[in-house]
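Read the structure below first, then the notes.
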Amino acid sequence: MAGKAVLKGKGGGPPRRASKVAPKKTRQLRVQMPNGLVLMRMLGVLWHALTGTARSPVLKAFWKVVPLKQATLALRKIKRTVSTLMVGLHRRGSRRTTIDWMTPLLITVMLGMCLTATVRRERDGSMVIRAEGRDAATQVRVENGTCVILATDMGSWCDDSLAYECVTIDQGEEPVDVDCFCRGVEKVTLEYGRCGRREGSRSRRSVLIPSHAQRDLTGRGHQWLEGEAVKAHLTRVEGWVWKNKLFTLSLVMVAWLMVDGLLPRILIVVVALALVPAYASRCTHLENRDFVTGVQGTTRLTLVLELGGCVTVTADGKPSLDVWLDSIYQESPAQTREYCLHAKLTGTKVAARCPTMGPATLPEEHQSGTVCKRDQSDRGWGNHCGLFGKGSIVTCVKFTCEDKKKATGHVYDVNKITYTIKVEPHTGEFVAANETHSGRKSASFTVSSEKTILTLGDYGDVSLLCRVASGVDLAQTVVLALDKTHEHLPTAWQVHRDWFNDLALPWKHDGAEAWNEAGRLVEFGTPHAVKMDVFNLGDQTGVLLKSLAGVPVASIEGTKYHLKSGHVTCEVGLEKLKMKGLTYTVCDKTKFTWKRAPTDSGHDTVVMEVGFSGTRPCRIPVRAVAHGVPEVNVAMLITPNPTMENNGGGFIEMQLPPGDNIIYVGDLNHQWFQKGSSIGRVLQKTRKGIERLTVLGEHAWDFGSVGGVMTSIGRAMHTVLGGAFNTLLGGVGFLPKILLGVAMAWLGLNMRNPTLSMGFLLSGGLVLAMTLGVGA
C-alpha cells in the first residue's frame, strides 16, 4: 500500500506516499512566544474579527503557530480588562444619571452577533452557513473546523438567493477557483441573498424580437409610432387657421397683451390653436367624408361605411342623413398565449461532482417552474478532488414572472364582433364636434343580425341592412395587450398571429402555472469549480415596443376590445323618410343675421349659420348664383329644406360649383370663391365610386337571375358614376335629363361614323339609366 496513491473521502485529496517522517515534515512546532507579542497579536486578531476585515499574512501565520495556553491567557486578560471598563462605565453612569447604558450596549453586541453569518444543521447532518454582504472575506467557525467565505456577489437575504457547496481542503492545500472553502469540517453548504448588490456582467441584455413591419395587416387604422395622427392634427389646425384668419389674429393679439414673456405667449397661442373648435355639424368635422346622392324616386341606397369616415346621403324629397361606422368591438374575447416580459428568479441552487463521480443531481430538476442547466467545470486538488479533469455541475433556479410585466394575446370570434352604426338627420341645428345631436340614433350589427329600423322623430323611419366585414383577416389577427403601467403608451396592438406565436419570450396558456421556454429570460454564467452564476436579462418591454413600430393600434375599454379598422356595406331604406317643414311659410327675408359666416368645411362644401328675429317656425330662403348669371340657382343643398324652428335651426350646408359665387340667405349675401375644378371634381367622385364598388366586392353582384344581373349592373353604374352625374347634371330637372338622353341616343342611331354612333348611344344610355334608376 505504500507505493499506491490513496484517495481521501468524497473525491479524496492529492495523492501522497505513506511515510513515517511525513508528519514531522509538515507539522510546525509551537514554541513559547513573548507574552507582550502574543497580547499585541491577539488584539490585532480581535480587531479584524470585530470589523469583519481580512487578516494580514502575519496574523494568519501567528494564529497557526501560537501556543494554545498563551493564546488562552491573552484572551482572558483582554476579557478581564473589558469587564473592568464596563463596570467603571456603569458606576459612572449610575452617579450622574439614571440611564442604564448596560442594556443598550448588550443589545447592540447581541444584534451584531445576530447580523453576522449564522450556522445551522440540517436533518441529513450537513451544515449550512447563511451569510450576507458584510461576511465577505471572513472566517466562520463550524463545529471543529473553520470555513472561509470569499464570495463577492453577496447581498442582503431575499428570495433571490444562491446555495452551493463549501469544499473541504487540507491544511497544506491552496484553494483553486472557489468562493468558499473549509478545513477540518465536511458537508458544509453556503447560502446567501443577492439583493442590494451590484448586478454582474451579462453577455446579452435582451432577447431578439423581429420587427412586425414585415407582416402587414389589411385595414386603414391608426398605426403606432407612424406619426400620422400628429400630421393629421397639424393639417386640421393649419386648415382652421387659414379659414379663420381674423379670429386667429385676434387670438394672438389677446395672448400677446395679457401674458408677459415671449415663451409663455407662444405656448398659449400654440395650445389655443391646437384646441380651437372648428365649424362642425355631424360629418363636417371628419376629414374622410363621402357624399351619396340618390336620384328622384330613390328608395334604397347601398353605402360603404368605414371607421373614421362618414357618408352624407341626399335624395330628392328626402331629408339628408349622416351615416357612419362608430365602432367595431367584441366583448371579452378569448385569451390565447400570455408572455412574460420580466423574469423573477429565486432560490438558485448548485450541485457539483468530481471527475469520474457521475453526474451531479438536484431535486429541483424534476420540479415545474424551474430552469436548470448542466455543464462541466475544472476540478482538481485545490477544490476537493483527487483527480484533475472535468466534473459535472448543475444549476437550477425557480422562475416566476414579475407583476404587471406580461403581454397577453386575445383572439376575435367573427360571430361575436359587434358593429355600431350611427345615423343622424340634418335638422338645421349647429352642433359642435364635441357635442351630441339629440336626434342621433344607433344600431348594432353582428354577422347574424337582421334588418334594423330606426325612428328619427319628425323625419320618419330609416331601415338598415348591413353586411359586416372587419377589414382585417381576423383568423390571422391577435390583439396584443400590455399591462397598463405608463399612461403615454398605447394599450393594445393588432398583430399577426404568426409573429405573435414566434415571440422569443416565456409563455403559457390561460390557467396554466408553469411557463414554457422560461430559459429565454435566464442566462447562466461561466461554470466555476462548484458554482455557476445565474443572470436575469431584465425587462423586455422596451424591446417589444420597438418591434411594434408601425403596427395598427387597438383599444380596450373595460371588457370591450375595439378594432381600429374595418368596414360594413349597408342598404339604407329611404321609403319611410319624410321632409319636415314643407308646409311652413317662408321666413321674413329682412330679419336674418349671420351667426357664423360661410366657411369651407374641408369637404368641397360651404357651411354657415344664420340667426332669425321673426316669427317661427318658417322656411329659410337660401340660394346661390354665379357671377353673370343671377337668375340660375347653382347651390346644391346638403341641408334640404332648411328651417327655423322654435328651439333652433339656421344651420345650412351647400355645395357650389368652382369659381366666383354669391350666397343669398334672405336679404343677406356673401361673396364666395369656391376652390377646385369641375373636371377634377368629376374625376374625384368617379374614383370614390370605383373605390366603393371595389370594397363591395362580390356582394355587389347577383347572378341568381336575369333580373338580378340587370339590377347589379344598374347598382354598379350608380355606385361608380352617381357622383359624377350629379356634379354635371345636378341642377338640371328630371324632364330635361330624359330629353337629353333620348336626343343623344337618337343621334347615335343616325350617325354614320361607328365611333361617334357608339359614343352617343353609350352617353344617352347612361343619362337615361342614371335618371330613371331608383337605386344608387
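Cβ coordinates are placed from backbone N, Cα and C, and glycine is handled just like the others.
Residues or ranges marked as topological domain 'Cytoplasmic' by Swiss-Prot: 1-98.
Residues or ranges marked as region 'Disordered' in Swiss-Prot: 1-27.
The transmembrane segment annotation in Swiss-Prot covers 99-117 (among others), and the record cites sequence analysis as its basis.
Annotation comment: Swiss-Prot describes 118-242 (among others) as topological domain 'Extracellular'. The average pLDDT the prediction assigns to the topological domain 'Extracellular' (118-242) is 78.
Through the fold, the transmembrane segment (243-260) approaches residues 268-269, 272-273, 276, 599-600 of its own chain, all at least 6 residues removed from its boundaries and within a Cβ separation under 8 Å. Among the features that Swiss-Prot reports, transmembrane segment is placed at 243-260 (among others).
Under the heading transmembrane segment, Swiss-Prot lists 262-280 (among others).
The topological domain 'Extracellular' annotation in Swiss-Prot covers 281-727 (among others) and is backed by sequence analysis.
All chains included, 24 other C-beta atoms sit within 10 angstroms of the C-beta of CYS310 (disulfide bond). Taken from Swiss-Prot, the feature disulfide bond applies to CYS283-CYS310 (among others).
For CYS340-CYS396 (among others), the entry in Swiss-Prot reads disulfide bond, with the evidence type similarity to another entry. All protein chains included, CYS340 (disulfide bond) registers 23 other Cβ atoms within 10 Å of its own Cβ. In the three-state DSSP assignment, the secondary structure recorded for CYS340 (disulfide bond) is strand.
Annotation note: CYS385 (disulfide bond) sits in a coil segment as assigned by DSSP. Over all protein chains present, the Cβ of CYS385 (disulfide bond) has 27 other Cβ atoms lying within 10 Å. Taken from Swiss-Prot, the feature disulfide bond covers CYS354-CYS385 (among others), and the record attributes it to similarity to another entry.
Sequence annotations record features per position, and here Swiss-Prot assigns disulfide bond to CYS372-CYS401 (among others). All protein chains shown were included, and the count of other CB atoms within 10 Å of the CB of CYS401 (disulfide bond) stands at 19.
Residues or ranges marked as disulfide bond in Swiss-Prot (evidence: similarity to another entry): CYS466-CYS570 (among others). With a cut-off of 8 Å between CB atoms and residues at least 6 apart in sequence, the same chain places LEU305, TYR419, ILE421, PHE445, SER449, VAL568, THR569, CYS570, GLU571 near CYS466 (disulfide bond), listed in sequence order.
Of all Cβ atoms in the shown protein chains, 19 besides its own fall within 10 Å of the Cβ of CYS618 (disulfide bond). DSSP classifies CYS618 (disulfide bond) as strand under the three-state reduction. Per Swiss-Prot, the feature disulfide bond maps to CYS587-CYS618 (among others).
According to Swiss-Prot, the feature topological domain 'Extracellular' maps to 749-755 (among others).
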*With CYS372 (disulfide bond) as the reference Cα, tell me which of the disulfide-bonded residues CYS310, CYS354, CYS396 is the closest one.*
CYS396
*Which bits of the chain, at least 6 residues beyond where the topological domain 'Extracellular' (749-755) starts or stops, bring a Cβ under 8 A of a Cβ in it?*
761
_I'm trying to understand the geometry here, so how far is the Cα atom of CYS310 (disulfide bond) from the Cα atom of CYS618 (disulfide bond), in Å to the nearest whole number?_
29
*How many whole Å apart are the CA atoms of CYS396 (disulfide bond) and CYS354 (disulfide bond)?*
19
_Nearest recorded site to CYS618 (disulfide bond) by CA-CA distance, among disulfide-bonded residues CYS340, CYS354, CYS385, CYS401_ = CYS340
_Fewest other C-beta atoms within 10 angstroms of its own C-beta: which of the disulfide-bonded residues CYS354, CYS372, CYS396, CYS570 fits that?_
CYS372
*Inter-residue C-alpha distance, CYS340 (disulfide bond) and CYS354 (disulfide bond) (nearest angstrom)*: 37
